[in-house]
Structure formats: structure tokens, C-alpha cells
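Contents: one structure, followed by commentary.
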Amino acid sequence: MGRNGAFGGSAVLWALLAARVAVAFDPVTVGIAIGAMSLTGYLSYSDLYCRFTECCHEDRPLNASALKLDLEEKLFGQHLATEVILKALTGFRNNKNPKKPLTLSLHGWAGTGKNFVSQIVAENLYPKGLKSNFVHLFDQLQKWIRGNVSVCGSSIFIFDEMDKLHPGIIDAIKPFLDYYEQVDGISYRKAIFIFLSNAGGDLITKTTLDFWRAGRKREEIQLKDLEPVLSVGVFNNKHSGLWHSGLIDKNLIDYFIPFLPLEYRHVKMCVRAEMRARGALVDEDIVTRVADEMTFFPKNEKIYSDKGCKTVQSRLDFH
């Protein structure tokens, strides 16, 4: 009994060591090492394999509390985006049998947080975030999407700078976003598509400015104040990437999410966050100096940063 126990323990120990070393070599060697471990009866093959390589866990629940905390603590001045993204992702991931992929279209001027939100979403769904094998930045549309979904059904696809795409190109992916059980034998229903675009920034700014001039807080702006205007605006904008797109016409985009222009106080919040990220103590004099170096619009009121928080990192380097 003692010998068998000792042998079993040794087998596990050697298999673990072999698997650790094998990570630096090739998947076949990893498979052999993990196979040895699973034969000992300690853990299943799939559990062991996923300890040494990234796996696609399509049914892994979303930690909504962690996502909410990340959005509230890291995304500044975007109460609408925080609310809608949290609601959309939580509802989608809790649905075990969605009828179509989740499709989000994020709009606003540069530096307002669209790319940052994509990073937050990716990190909350996959530990490696944007570096995950299951998070993909735009490349060759149909072939690219088909190949990646066949590997992981809950893949995330991020299309940056949609406004620079030639009109009509994005409609090539329409079959993947539609209400089909399968397309060419592959189901896309658990995938997530995120479009990022500067298009509509003028419409968002106009509404935000109207609220300010009326003496109303930006936090009073609701999705219904912007989403209808935004969807029609980008549909009729030849430079939006979604001009006369079937994705809008067929209601395949679940949410148009506006990113509001950032005010002086939001820029200061970005500077503080960057200082903390660098491990430095927050110096309010430096925070003020960096914020004061930014340029603001409109010309008379000077309320909104024309670059959002985009240049905060580089400006902080000079202080």
C-alpha cells in the first residue's frame, strides 16, 4: 500500500515536472506529460491541459462584479458606456443559448475610452486580455472570423477605426451576426463583435453640449437621448464604415454606445490614474499642470478636451 502510494505520488510529481518543462517545447510533448498525469486519476485530461495552455471556456460565467468595478474605477466620464456594457455583457454571458452574437458599436472622439473599454472587456473574459488567442483584432474578415470561431465559439472580434473602412466592406460579415443556428457548419452565436469608430462624435458632442448649456448634468443623459440619433447618423454617414449597412438596416447591432467628450475634471482623473499606474505618488500640482497643457473646445466655453485623455501619458513624461 505504501509502495503504491509512493509510486503514485512520484508519477504525479514527474508528470508535473515533465509538463512544466514541456511548455517550453511543443504541444505533443505537453500532451504526453498531461496524459501521464490523467492516467494517475488525479485530474481530467482537459483540466490538466488547461493548466499549461490557454483554453476556450465557452461556459465560464462572467464575474459581473469585477467588470463593474473595473469600469467604474478605470473609465472616467462615461456613465452610459459603463451602464450599457455591463448590462449587455452580463445578459449575453448568462444566456446559455443566445440567438445571435452580441454586437456592440462604440462611438466617440479619440481619447474618450473606446479602445480602453475593449481592453477591459477582453481582460474580464480572458485572463490574457488582448493578448489572448481568443481575442482578435481586425484582419481578413470572413476567413479570419470563420477560422477563429471554429477554434473558440466565444471569441471576441474587435474592429478598430471603423470610420476608415471602405463603405460596404463590413457587410461581408453580416451572415455571422445574423439569427442563424450555423453558417457553413459553424455556430457564431456565442461570439462577441465590437466596432470602434470616431463617427458620430459630432452628434454626441452636440447633445452633451446642449445639456451643459441647459444647466443639466452630463449624468442625466440617457441612452435614449443618443442611440437613435447615433444609429441614423452613422447609417447616413459615408465615412462611418456603416454607411447604408445591412447590419443597421437589419437591426443586427445590439447597442450603439456613445462615449461622451471628456471635461477638464476627467482629464485630471486620467492623469492621477496614470501616475498610480507608474507607481508614483499623486502630485496634484503636476496633475493640474498636465491638465492645463491640454486644449479644450468649443472656442468660447472650452469645456471638452479635444484629444480626450489620449496624450496624457506622453505629457506626463515631461513632468
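Glycine residues also receive a Cβ, built from the backbone N, Cα and C atoms like all the rest.
A TrEMBL annotation is a machine prediction, not a hand-curated record.
It should be emphasised that the depicted structure is a prediction, and the values quoted were computed from it without experimental measurement.
What TrEMBL records for Gly108, Trp109, Ala110, Gly111, Thr112, Gly113, Lys114, Asn115 is ATP binding site. Positions annotated as domain 'Torsin-1A C-terminal' by TrEMBL: 262-318. According to TrEMBL, the feature signal peptide maps to 1-24.
Locations of recorded TrEMBL features on the structure.
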residue : record           : contacts (Cβ under 8 Å, 6+ apart)
Gly108  : ATP binding site : Lys114, Asn198, Gly200, Gly201, Ile204, Pro258, Phe259, Leu260, Pro261
Trp109  : ATP binding site : Asn198, Gly201, Ile204, Thr205, Phe259, Pro261, Asp306, Gly308
Ala110  : ATP binding site : Asn198, Lys307, Gly308, Lys310
Gly111  : ATP binding site : Leu262, Ser305, Lys307, Gly308, Cys309, Lys310, Thr311
Thr112  : ATP binding site : Gly77, Gln78, Phe259, Leu260, Pro261, Leu262, Gly308, Cys309
Gly113  : ATP binding site : Leu75, Phe76, Gly77, Gln78, Ala81, Phe259, Gly308, Cys309
Asn115  : ATP binding site : Asp160, Leu196
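Helix, strand and coil counts under DSSP for the domain 'Torsin-1A C-terminal' (262-318) come to 29 helix, 5 strand, 23 coil. Surrounding the centroid of the Cβ atoms of Gly108, Trp109, Ala110, Gly111, Thr112, Gly113, Lys114, Asn115, where the record places ATP, the chain contributes additional residues within 8 Å, namely Phe116, Asn198, Phe259, Gly308, Lys310.
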